[in-house]
Every structure is written in structure tokens, then in C-alpha cells.
């Protein structure tokens, strides 16, 4: 019987830090198989993936991941507590024994945080600050623990979700090394850089500088693909914000406190996405929150669609070992494993992923769902 | 006291045939002033204007029109009976004494047609044919008159609308000369060509061939402006059809008989507007009807918005003589004359024209309404 460790990722794009994390996860746990639950074409911070989910799946499997499962849009493009809950459910549904994740401070007492967190209700907010920072200050006051690094926040999310599900997974926090997640530029020393520094270099036409920070297969992908950015979707976003009536915009998930009026007014004025973001920004709304909201606008996403728990396993690709593991678990799966996409499957399961994929397809002309089979790589 | 003759037009673009019609109208009526009620940025057949409303206003005034009033979107992008009703109301509201219009057969007995037309109710239809052709066959059977030429159909519309309003206008049908309205190509002989033949030449990069068929100012416009086509809006249309839920598409004006499902399915498949139109086309739906529907989708237009009667006069431009006439009538106007556009004016009057203009602005980067004043031309 093969055992599996789960990893939650965006692989945007897959780099040496991801490779290190994956190897450490196998080393620490002794797992035979790595299952990655990966965001599809849109990411947690409300941005399009730099390359589509198929390219990123290929890079992941080429570098040691055995199975890639798509994290559904309604979990992937969400604040960390919803994101991590969806991911933990899928890792669990794939019968993984462990969940490994990077953390800036892997020795944090997650249980202490879990037990001291406030209720997430409407009374817990202030109108001049983002929710997350209020939440973190509350925890700091109660526990003395400062939770403000992006991977630590996700680590807490995974721990909390696992705890709420009755702790089906053994958690394996792995110390992040060699890069600051928020570091914007590639550093001359070392072989590990943040994904955002790598993306910035790619967007600035400095592709050759990326070489030493990514595995070879990622570098070929970068050389062969046009990188996608929000600028590609700006004409569509602007169109929708300008032309849709306020009453329709109001129905979008997270369109609260009348921000639809602000978005519309700024879309009429702005002629680039960057200008638009600057016009919309306030103390209360982080760039991430605004970008997520814009992504929901593109997908016409309603609360009913977005407050779903993952109820399917969309298989994007697997290695030969992954195939053995899939055969081992397939009769025990509690969620349907989706390998072929047709109108019926879209209607019943993949509605949002299909819509998110069509957005990509309208830009890069590559089918994202219809007629696509899971990638089978290696031997 | 100056007297005015009204003309209804699209001037898409202004050509020698338009010039001839205008001069004949003045000659026949002895009017001092020509008032044109002109479609804005979107046209009756559900197409974007080849140049924006300001360029077309300039060309019209440069060639003898004294005043240009915008035909509101909710009248302009409509079948002929609604189009002509809106236009006649505005010509009347501008205190014109005459309405001149081109006709293939100016001696048709309009009154006979008016008195013999069927009720426009839901029972009067067949599912395998367009409404207009059933309507025309009915008239033919009752009166012996064949009404199937595009200008004759509009002429009947003007006559009918004028009759319904108590005949405030003297109607002046003018024999069309020198071109077949539906002729696609420029003919080597003559100086008059159809607007569609002229547009085709422009879109085929044969600008120089257009020279002899248009006044000089039109030719400069053509040389200086990028022509707009449906292809410019296809990414936006496709996005909306793919991403909007069926329930939202269903709310669009004229989205009947479940055609929203067909539109969505075809938009997912097609990657050009041309392919899309071919996929959608059926016996029941003419290309014009489909294109109008697509325009409504872009504008998110509902029935409540589209079944309005013109209740304002949007002034796009005037000549010196036009100014004298405006001073003469301004205290007698029964509709507000709109010369300056701000948020309040958009909200109360111009909502749809603003939306139609923003579509253009998102393509050609020229403000269509905010900060625009009527053009004042000539001396």
C-alpha cells in the first residue's frame, strides 16, 4: 500500500523553493506519493495564473508531484480560512496521511491560536481596516503570537480546518528557506526566490535571470508561453463594470457596503487596470480583496456559488506512480473523480472552474476543460 | 421666422447620396434649415457605427445639415416601426414643418398601407419566418402593394408614425437615385454608392476607391479615423455570453424563445464574430435581429429601458444658421434640450446613450459624452 503526503499549492510558477518543499515533505514523512491540490486558472490573491493550469500541472509532475487535483475556483479564490478549508477537504478526500506546508515560523502553537480565535461574525469588524489585520491583532492580544506572515496565516488555516474535521491529517510544517514571500526582486545570491519575484522578472522581460531559480522544465515553460496578467482581462472587467446595472453588480459575491458604485465610477474613469486599482483603493480594502472582487465580477459569481465546499476531485494529471495510487484508492473515494468534462459535468460540478477556464481560453485560445484529458507524464 | 425640414439618418458615413437627398429636400420644401435626427454610436441593424457620432456629426454639418440631434439608443437600435416612431417624434419636437426621406418607390400609397396593416399582436407570427416578411406578405395580399425595399419600409414607418401623431409633419418622399441600398460593391459608373458598399471598401482597405462617392470632408474623416466593426466588440460580447448566467441573459430585451441557450452555446464554440453569427443563424432569425440582440447584450438592455419614447433632445452639433433656428425655437420646446452631460443627466436621460458611447470609448479612447459639447461649425 502506497502512502501519500498532500501539498497545497499554486505553482505560479513551480520554482526551486517548491522543489525543496516537496523533497522535504517526502523525506520527513517517508510518503511514497505526493498529491498536490493546486489552484486552477485563478489564484488566491485574485489574480490570473501566469500560465494556465495545464502548463502548471505539467511542470509540477515533471518535478516530482505524482497527482495534481484542481482546487475548485470557489475555494481557490477566497480568503485564507476558506481556501485552506477547501484544500484540506480535498487532501483528506484523496486519502493522504499527511499534509505538508511551508511556514515562516513552523513552531507556532497552532492549537493555542485555534482555541483563542474570535467568532467570525458581523459584529467583529471596523470600517477603516481590513478584517485580517483586526483578526491578527486579536490573536496577538490573546496568545502573544504574531500571525502576520502569509505562509504562517495559511498554516494556521490548514491547522484550523484539519482540527474542525476531526484531525484526519498529520500536519507537517516545513521551514521556508531562502526567500521572503513578499520580496519583489530576484536576489543575486541563492537559488531560491519568491514566486512573485520570478513573475515580476518574467513580466519585465528578464526571463534569462529566472533560469537559476527554477527547475529546467519550468524554464522551458516560461520560454514557450506568453505570461498572462490582469491587463489581459482589464477590457472585459471594465466593460462589465461600466455596462452592468448596479443591481446586477450588487448580486456579486462580496459586493458589500455599496462598493459597486465605487467600482463603476472608477471603471468609467480609468483606462488601465493599474489606474483602476489605485482609484478604488481605500484603507478598508486591500489590493487583494479588490482583485478578488474583480475576479468575481468577471465570473458573475454569486454568494450561493462561492460558499460551496469542494464536492468533486478534478484530476489534472498524474505520474506512473500516481496512477498506481489512483488505482489503489479509486474504490474508496467519497467524492467523484472527474477526468472527462462534458456539458453535463460542467452543469453538475465544474460550473465555476469552466467559467474561470473560458476566461483563460478567450485570451490564450487553448481549451481548458472541454476535450481535455488528465496529463499522464513520465514512467 | 426660419422654417426647417427634418431628415432621419445614420450617415454611416455621409456620402453623395445623402448630399443629394439633403439638397433635394431643401429645394422641394424651400426650408431654410435642415435638422437631422441621427443614430448615435449604434445603428438600426445592430451594428456599431463605422465612426463615432461626433465624427459623423461633423461630416453632416460640413455638408449642409444645420442641426444634428441624436436619436436615442432605445429608438435607434430597433425594428423599423419603433425606429421611425422615435425619429418622427423628435423631428416633430424640433418644430420641423416637413420630414423628407428617401424611398425606392416614393409614389406608394402610404395611407392605404396604414389602413390595411394587421394588429401587431402575439398571434401574428410563425416560428419559421421573420416577423417582417409575414407582415409584408399580409400587406401585399390586402393592398397589392409590395413593401420590401429597406427605404420604402422606413418610409411606411414614418408615414404611419406621423399619422398616429395626428400628422404634424408634411411628408416629402424623395426618389433614391444611383444605388441599390443593398448593393455590396462600389460600381465604377456614377457618383453615388450605398453606404454599405462604401463601408465594405473601407474595411477592405480600398479607401482610395471611396473618394468619388463621398464629399471631401467625409474623405478626410475616412483617412483620419480607424473604422470600427463588430470585431472590436466580439471579445466583450463573447465574454458576456459565456460568463453571464442564463437567468441574466434571459432578462435582456428581445431574448425570447430560449435563444439565450443558443447564444451561450455558440459563444463558447466560436472564436470570431463571423463564425458566431453563422452558428446562431436560423430561418426564424435574420442576421439583423441577431445583431440587434447582441447589441442589447453588450448594453445589458432590458425591455423597460428599450420600450421608451424619446423624451429629450440631445444636441450633437449645429451650424451658424442652426444656432439662429435654435434661438428661435428654444422657448417653445416641449422636450429638454441637452447640451451638457454630467452624472445627473446620464441618470435621468441618457443612461443608454451613455452606455452605448462608453462601449465606443473603450475601443477608440475618445470620450463620447462626459466633457463633450455640441460641435459648432461654420459661419
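These residue numbers are counts, starting from 1, taken along the chain as shown.
Quick reminder: no glycine exception, Cβ is built from N, Cα and C everywhere.
As written in TrEMBL, here are the features:
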- B:8-21, B:102, B:151, B:176-177: ATP binding site (BINDING)
Seminar exercise, completed: Fewest C-beta neighbours within 10 angstroms among the binding-site residues B:11, B:14, B:20 belongs to B:20
Seminar exercise, completed: Cβ-Cβ distance under 8 Å, sequence separation of 6 or more, same chain as residue B:8 (ATP binding site); the residues meeting this, in order, are B:36, B:37, B:38, B:71, B:84, B:87, B:88, B:91, B:99, B:101, B:154, B:158
Problem set entry | Other C-beta atoms that fall within 10 angstroms of the C-beta of residue B:151 (ATP binding site) | 18
Exercise. Counting across all protein chains shown, how many other Cβ atoms sit within 10 Å of the Cβ of residue B:17 (ATP binding site)?
Worked result: 23
Exercise. What kind of secondary structure is residue B:8 (ATP binding site) part of, going by DSSP in three states?
Worked result: strand
Exercise. What does DSSP assign residue B:17 (ATP binding site), in three states?
Worked result: helix
